[in-house]
């Protein structure tokens with residue numbers, strides 16, 4: 001509280017950057033966690049809450065006749081210095097919920113239940129306890145599905161030949177044709193190294209799909225990056241050493257390129273009165289949509305291999321927690337209508353992102369850390385979903401607001417879900433003390449339902465086949481569609497009552 | 001002239017039609033005076049009926065004795081016809097070329113078309129100026145309907161009836177006409193009933209290099225100002241272009257002669273630049289091989305969205321002067337038949353809720369475009385695929401529709417019509433069985449007896465079975481002024497026109513149907529609720545006995 005010298009300021013003007021006409025006058029309150037602006041003139045007294053952990057920097061500009069302008073930048077992925085996990089908002093966020101119920105919140109989404117939904121374990125795939133204590137790979141989850149024939153020595157051997165011990169494990173299984181998406185990190189193949197167990201592991205993955213005599217190994221990186229990694233003793237699979245694999249590069253850029261791209265994109269959106277050409281040139285040179293297209297194209301490649309060819313796919317990038325997470329989850333959404341439901345998307349993020357060790361705290365800069373670790377990887381996944389929703393408006397149970405809410409809370413640190421960088425860290429940290437976003441979202445699901453969604457609709461069924469012609473991609477979603485949003489929420493409420 | 005002379009091969013069998021996202025059709029190709037018809041002659045298959053006037057250009061290709069004609073249409077569709085036989089193919093191609101470039105208006109299809117539907121209301125009489133004036137009269141007595149142009153001699157591109165300030169007599173109008181480009185003296189375009197301010201439009205003043213002035217012109221436009229008030233002149237050209245116009249006898253209103261007016265220059269491009277922009281945009285949209293970078297750079301280089309933005313910005317400015325500043329406005333460019341009309345009509349959509357209804361929008365198009373003398377015949381003679389050097393062609397009206405679509409997208413509940421309505425107007429402006437968009441001005445239309453000899457688009461459109469597809473299910477009358485955002489990220493490519501033939505719209509159409517379904521279902525339930533409520537009220541008042549236990 002000693003930081004708050006002035007808890008309340010009256011007669012503050014909130015300026016709308018796009019249209020200055022829409023500025024609002026009200027009172028600004030400062031609390032330990034939020035800055036709150038309450039409109040004073042309008043009849044409904046609209047409130048604007050800004051979580052302090054979402055603020056990236058504050059710019060004090062020169063005074064003018066009407067006052068001293070403060071420019072607050074949000075969600076900008078820069079450092080917020082000097083915080084420990086314990087200081088994050090989720091550890092002080094205490095809604096009025098009994099402890100028993102808080103515990104239940106964490107049971108709401110369960111990755112294991114999703115494997116059961118896929119029909120696993122079965123005669124081809126088993127639940128392995130090899131990583132129970134995070135000993136084989138400290139960034140992997142405790143529960144993993146591996147081919148039935150993969151013995152612990154093979155798994156451990158394979159993990160020693162993979163970056164950070166991230167051996168091939170199942171991400172998605174297609175009940176109908178037994179094809180599976182597996183994920184891992186890059187092999188430590190260097191220029192010539194081999195590993196018998198790793199070759200056996202891939203063979204086991206291939207054999208677990210009885211209808212196919214080969215499998216794809218997909219390296220989501222650009223070929224040049226993968227080749228460069230060989231010099232550091234890493235790299236990619238040599239087709240000659242593994243039986244019946246088809247190897248493929250998919251050319252998605254690394255986290256540093258993505259971070260710069262987003263930075264440029266933000267600069268474009270912050271230009272003062274840009275011309276149409278300024279905007280389009282900026283959009284092009286940021287490369288943002290190019291990268292979104294690359295991720296979506298990669299997802300489509302994998303989804304088609306599974307659904308149309310019935311061939312299993314092993315996906316990796318470098319460490320297998322950024323591009324691999326993006327691509328596996330995009331492919332899952334394209335393949336399985338379940339992931340296009342509210343609950344399904346929660347499960348998917350829980351499984352492919354949270355449990356498989358996407359480094360949320362690093363990537364989303366929850367704490368003071370290395371700025372080179374920050375990158376909008378999950379943002380790109382959510383944008384891919386948004387682009388898909390624009391093409392298939394009836395196929396998704398959730399709406400744009402759901403994606404935006406998830407996106408906000410990935411950064412807000414109000415809930416424990418995204419705190420930490422892997423399951424091992426998270427179990428210790430959050431389940432005992434914080435609340436889960438998923439049950440909050442589920443309780444408020446009426447806000448997040450897409451009214452056009454019909455489970456029985458033809459475009460809802462089966463594989464989605466989006467077009468990725470460049471002109472099918474839209475610019476950043478605009479949330480200005482208040483006109484129609486209000487109408488939908490009105491209609492929905494009448495229906496639900 | 002007989003059409004038969006132009007048709008050497010009227011019929012060919014075994015022709016295969018290729019269309020994007022649709023199965024190929026094999027059948028018989030027939031050429032008539034106005035149509036290219038392809039029919040598989042089987043039940044339940046769709047026939048292709050293509051107006052020759054819709055064909056923008058064709059290309060021929062030969063592989064052995066199999067010829068292909070690639071037909072590029074003004075509505076931006078591209079289809080391919082495979083025709084067995086070299087000679088047949090050549091004959092058909094030359095016939096299409098001749099029939100799609102007929103010079104004489106009176107040979108156009110609308111003069112031959114007979115309606116197959118019952119006309120409920122003759123569209124030619126739906127929007128007569130004298131009726132529109134009655135509405136104005138009920139609000140103000142400061143304006144009169146002048147017949148000064150009844151034989152089109154004062155201004156050849158104006159209609160016979162125009163609305164002018166009451167205090168200005170016809171003799172003065174004749175003098176002013178000599179001082180304005182094309183005789184287009186200032187006339188009333190819009191009366192803002194909220195504050196009594198007006199928007200007028202005209203051609204450029206013929207000031208020339210020696211600064212000619214015309215007292216009557218000054219008096220005319222000053223007559224629209226309240227005592228002590230200033231008005232705005234919006235010149236759609238940059239100050240440089242307007243200066244250069246002086247050398248050719250044109251120019252702008254000088255501060256000295258028009259001290260009560262503030263002049264603002266904008267930069268809406270002229271027709272040849274716009275035509276080039278359209279050609280570049282369509283080329284970019286049709287190239288499937290682009291990478292993201294190349295697509296975005298071509299989209300940018302076409303400048304189409306910049307034109308959309310400049311027009312919308314200028315319209316917002318005009319609307320702002322009227323609604324916010326409480327000032328009257330005069331809009332002109334050079335001729336006053338293109339950018340001027342874009343600005344005045346869009347400003348009305350922003351300001352006037354009645355222009356956002358179906359009838360109101362038709363009235364706006366009729367009044368601010370057709371009767372106001374936008375040269376449709378010249379501007380829409382060719383579209384994006386034309387090989388010939390453009391003369392007077394330009395997508396001026398298409399840009400206007402694009403701007404309307406941008407506003408519609410930003411205010412999806414404030415318009416009674418939907419996107420299909422706008423697309424339909426685009427199609428009919430370029431090729432139609434109806435006479436509505438024929439000719440360049442009212443004088444030409446009268447000379448050819450269009451109302452007597454052709455059917456109006458509005459006659460066909462304003463029937464329940466057509467309106468059903470054109471009505472926006474989300475519409476809720478909004479009596480407010482609507483301010484569109486003109487920030488670059490708010491302006492999108494109009495997919496419904498430019499990507500219409502390049503992608504499947506199946507999923508989007510399904511979503512639209514679903515939306516209609518939900519809204520209808522909601523209405524149904526609402527009616528049930530109301531009905532039950534009424535019953536309940538009746539029971540409560542009629543039979544108090546029931547309420548006692």
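Each Cβ is built from the backbone N, Cα and C atoms, and glycine gets one as well.
Going by TrEMBL, these are the annotated features:
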- A:105-480: domain 'Myotubularin phosphatase' (DOMAIN)
- A:254, A:255, A:317, A:318, A:319, A:320, A:321, A:322, A:323: substrate binding site (BINDING)
- A:286-330: domain 'Tyrosine specific protein phosphatases' (DOMAIN)
- A:317: active site, phosphocysteine intermediate (ACT_SITE)
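Sequence features, as recorded in TrEMBL, placed on the structure.
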| residue | record | contacts (Cβ under 8 Å, 6+ apart) |
| --- | --- | --- |
| A:254 | substrate binding site | A:221, A:225, A:318, A:322, A:323 |
| A:317 | substrate binding site | A:185, A:186, A:219, A:220, A:221, A:252, A:323, A:324 |
| A:319 | substrate binding site | A:139, A:163, A:164, A:166, A:185, A:186 |
| A:321 | substrate binding site | A:139, A:166, A:185, A:356, A:357, A:358, A:359 |
As a test of reading the model: what is the averaged pLDDT for the domain 'Tyrosine specific protein phosphatases' (A:286-330)?
97
Residue A:323 (substrate binding site): tally of other CB atoms within 10 A of its CB:
27
Compute the mean position of the Cβ atoms of A:254, A:255, A:317, A:318, A:319, A:320, A:321, A:322, A:323, which form the recorded substrate site, and then list in sequence order the other residues of that chain whose Cβ is within 8 Å of it.
A:185, A:220, A:221, A:324
Per-state residue totals over the domain 'Tyrosine specific protein phosphatases' (A:286-330) - DSSP helix, strand, coil:
31 helix, 4 strand, 10 coil
Measuring Cα to Cα across A:254, A:255, A:317, A:318, A:319, A:320, A:321, A:322, A:323, which the record gives as the substrate binders, how far apart are the two most distant ones in Å?
12
